Structure formats: structure tokens, C-alpha cells
């Protein structure tokens with residue numbers, strides 16, 4: 001980056017030279033970040049020309065969330081303001097989990113759901129704070145380029161290195177499976193909407209629902225699983241052509257396979273950096289979902305009735321034994337622990353890290369609360385039961401709903417651009433560990449991608465329940481990165497310094513037990 005000092009401004013020379021030094025240091029950190037993700041022989045993440053002049057460019061990826069590039073948002077010297085840092089953390093955490101929050105509240109009960117969102121936000125924030133502090137407690141001269149997996153390796157040796165890789169892969173592959181299920185869902189509904197509109201077909205699904213312009217449906221009411229294409233055609237159109245379309249355009253039997261033709265070639269690209277240019281779609285999608293929820297609630301009104309423990313035909317109790325299903329979802333919804341060090345190390349004022357992280361968590365929790373509470377409260381009961389709230393709340397709106405159609409288009413395109421990035425991260429982390437190269441050969445990459453895509457297609461075909469997938473993967477990777485490693489590292493650090501007390505020991509053992517109970521409960525309920 002060109003550097004120019006006015007000859008007449010002698011007083012500012014020292015300050016400018018210090019800024020240049022800071023800029024060079026920030027640039028080296030970026031180059032180090034790229035080089036850690038892949039081997040020197042692999043040019044996929046070697047800092048390219050367009051990165052070197054701008055040390056404030058870095059790609060961040062969030063499981064089940066968004067991928068974004070930090071650029072043109074720093075002070076010009078590789079540092080972010082507190083406002084930008086807060087937005088980055090919010091943007092990283094906000095992901096597809098938001099679609100399952102209303103379902104999670106239904107599973108836990110309305111009052112219990114609100115309390116759990118607040119408590120899980122506080123607990124995961126504290127564990128995230130422990131992650132940030134873990135690197136600072138290492139008595140080495142320079143750990144500025146370390147990430148949390150490096151900290152785990154320092155404390156636990158090869159076990160920490162390989163276990164962190166395992167749980168990181170669980171979060172990445174889990175995210176990709178959820179993406180495949182959702183992309184199949186959105187592509188199916190989008191294609192159905194377009195076909196019906198182009199052929200002037202008026203179709204009514206054979207599922208219970210409300211009447212009027214703001215229709216809400218209950219897909220799971222007719223059977224134990226969401227229906228596929230069961231519908232009745234009422235007006236113009238070629239019935240034979242319509243039936244043929246429904247045969248070849250099926251949510252679980254055909255559409256998940258169509259995605260292979262588009263996404264598998266993209267996964268095999270050496271560098272998917274082109275897709276990071278569309279990262280703004282993640283923010284737009286979340287903002288639009290908040291807008292959609294607000295508009296729908298304004299038309300539907302509030303439908304609440306408080307029963308603490310008794311079942312009702314249209315309402316659920318305020319407390320339900322199924323509440324761990326919500327905590328599993330929330331573990332992943334508040335998950336940022338594996339990349340928070342990178343996000344905060346670029347904060348201009350490091351003394352504000354705790355405050356900025358707390359504000360970001362507050363905003364994330366507020367967003368989840370708003371969407372979850374509004375959808376649950378406005379769900380029309382009666383005539384429909386609150387039990388009808390789907391694991392993806394967009395499924396409660398018919399495919400011909402215009403606002404939901406726009407939301408599905410946004411989310412579909414966003415996920416199709418983020419999916420190759422997640423696949424690339426999985427490839428870099430796994431293949432580099434085993435072969436020392438993120439792209440050892442097309443054969444190796446193709447085998448890995450076929451396994452990941454196969455997992456996505458299998459789940460979309462036989463278990464298209466994103467709430468279940470999110471809570472299983474969230475509780476699994478959260479056990480390590482959220483509950484166990486931060487607590488153990490903190491206790492070990494205090495013990496080595498001779499500062500470990502019984503209250504600290506009891507509290508952090510309790511946190512570990514909470515994470516373990518959270519994981520076990522997912523398989524029991």
C-alpha cells in the first residue's frame with residue numbers, strides 16, 4: 001500500500017512510521033493465517049496479489065452460518081473498530097439455526113424456551129470468554145498467530161490436535177448436511193412455485209391450514225412425517241404434465257440428487273474464493289427473515305395461552321421434558337468458539353474485547369429471541385396446534401406464499417455459494433493433516449467430496465429434519481469447543497500458577513458435566 005509523508009508535517013512522522021509498522025505486522029499475520037490452512041505447495045490459500053496490498057482482508061466461516069470477507073471495514077491499518085467487530089461476530093454466528101429456533105421453543109415450552117435462550121447465551125458467552133483468555137495465559141513470548149486448536153495442542157499434545165480436528169470436522173460436515181437438506185427443501189418449493197405460476201395451475205396441498213391471504217399450513221398433521229407432493233389440482237393445466245412434474249420433482253426422492261450436478265463440480269475447485277464475494281447475502285437473508293416474521297405476525301396476531309404442565313389441543317405446556325432439544329440447537333446457534341480469537345485479535349482496542357464480545361452475543365440472542373418468540377406467539381392456534389410448528393419454520397408457509405418464496409430464493413442462493421467454502425475448509429483441515437497437502441490429487445478430493453455429498457443426499461432422502469441434525473452436531477462439537485476444552489484449559493492454567501480454588505474447580509467441572517448431559521440427552525429424547 002503506498003505510503004506518503006508530507007515533508008512539512010514533521011510532527012506526524014513518528015506516528016506514521018508506527019502505523020506502517022503495525023500495518024506490516026497485520027499483513028504478516030494475514031499471510032501466516034493463509035499459510036496455516038494449506039501447504040506451501042498448494043496455491044489455494046497462498047496470499048494472492050489482491051490480498052497482499054490489503055492486510056485487512058480475511059475470510060471467516062461459521063458452521064451453519066455465513067462466510068464473509070473483512071475488507072474496507074478497517075481503519076486502513078488492519079484493525080477494526082468496535083462496531084465492525086461486533087457486526088462481524090453477529091454475522092458469523094447468525095446462521096441456519098435461526099430457522100429452527102421457533103421449533104426449539106415449541107419443544108421446550110414457551111416460557112422455558114425464553115429462559116433457556118437467555119441462559120445458554122450467558123453460558124456460551126462465558127465459555128467463549130475463556131477461549132479468548134486461554135491464549136493469553138500461555139507463558140510463551142509470541143502466541144499472537146495462534147488459534148484455539150493451537151492452544152488445545154499446547155495443553156493436550158497430539159490428542160488435543162486430533163480431537164479438535166475431529167470435532168471441527170463434525171461441525172463442518174454437520175453444517176454441510178444441514179445445507180443440503182435445506183437447499184433441497186428450498187429448491188423444491190421454488191421449482192413448485194415457478195411451475196405452478198408458469199402453467200397457471202392452482203394447487204391446494206392436502207394438509208390442514210388456515211384460510212385467507214396469509215395462509216399457514218401444518219405439513220406434519222396428516223402423517224408422522226412431512227408430506228412430499230401430495231396435492232390436488234383445481235383449475236387449468238395439463239393433468240398428465242402436472243402428474244409427471246410431481247413424479248420427477250419430489251422433495252426427498254429426486255431434488256436432492258439434482259443438486260449433485262451443480263455442487264459436486266464446485267466442491268472440486270482448487271480455490272473457491274470467488275464465492276466469498278456473495279457473503280453479503282447472509283446478512284441480507286437474516287434481515288429479510290426478521291422483516292418476514294414481523295409482517296406475518298402483524299397479519300396473524302398473537303395467539304398465546306399459558307398452561308404450565310397440562311397438555312392442550314392447541315397449545316403446549318410452558319415447560320416440557322423435551323427442552324434438551326432446544327439446548328442442542330442453541331449450542332450450535334451460539335457457536336463461534338473455534339474462530340473468535342481471529343475475530344477479536346483484529347479489534348483496534350483490545351481492552352474492549354470483553355465488552356464487544358458481550359454486545360455481539362446480546363444482539364445474537366436478541367435476534368434469536370425475536371424470531372423464535374414472534375413465530376411461536378403468532379402461530380394461529382386455534383385452528384392449528386402449536387405442535388404444527390416445523391423444524392424449518394418456512395415450511396409452515398405454503399409454496400405459493402410470495403414472501404416465503406423470496407426468502408427461499410435468498411437462502412438457496414446464499415447456501416449454494418457458502419457450501420463450496422465449507423467443503424473447502426473441510427478439505428483443507430482433513431487432507432492436509434493426512435497428506436500434507438490440501439489438494440493431493442483430484443482423486444483424493446473427489447473421494448472426500450463424494451463422501452460429504454453422499455451424507456447430505458442420504459439425510460435429505462431419509463432424515464430431512466434440520467432441527468435434529470443441528471442439535472446432534474451442535475451438542476457433539478459443542479461438548480469439546482464450548483464446554484470441555486475451555487474449562488479444562490482454564491483449570492490447568494490456574495493449577496500451574498498455583499491459583500486454582502475449590503469454587504473455580506467445582507464451577508468448571510459443573511460446566512463440563514452440563515455439556516456432557518446436553519450431548520447424552522439428545523440421544524434419549
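Using the three backbone atoms N, Cα and C, a Cβ is placed for every residue, glycine included.
Among the ranges 83-103, 188-208, 209-229, the one that TrEMBL lists as transmembrane segment is 83-103. Proximity of the transmembrane segment (504-524) to the transmembrane segment (322-344) is established through 3 or more Cβ-Cβ distances under 8 Å for residue pairs spaced 6 or more apart.
Counting Cβ pairs under 8 Å to the transmembrane segment (281-302), the top-ranked stretch among 83-103, 253-269, 356-377, 442-463 is 356-377. Residue counts for the domain 'Amino acid transporter transmembrane' (81-192) under DSSP, helix first, then strand, then coil, are 96 helix, 0 strand, 16 coil.
Each of 109-129, 162-182, 322-344, 356-377, 442-463 was scored by its Cβ pairs under 8 Å to the transmembrane segment (253-269), and the highest score goes to 442-463. Cβ atoms under 8 Å from those of the transmembrane segment (469-492) belong to residues 63-64, 96-97, 100, 104, 124, 127-128, 130-131, 133-134, 137, 148, 151-152, 155, 160, 163-164, 167-168, 170-171, 173-175, 177-178, 181, 325, 327-335, 337-338, 459, 463, 500, 504-505, 508-509, 511-512, 514-516, 518-519, 521-522 of the same chain, restricted to positions at least 6 beyond its ends. Contact count against the transmembrane segment (162-182) (Cβ pairs under 8 Å) is highest for 442-463, out of 83-103, 109-129, 322-344, 356-377, 442-463. Comparing 83-103, 109-129, 356-377 for CB pairs under 8 angstroms to the transmembrane segment (322-344), the maximum falls on 109-129. Most Cβ pairs within less than 8 Å of the transmembrane segment (356-377), among stretches 83-103, 402-422, 442-463, belong to 83-103.
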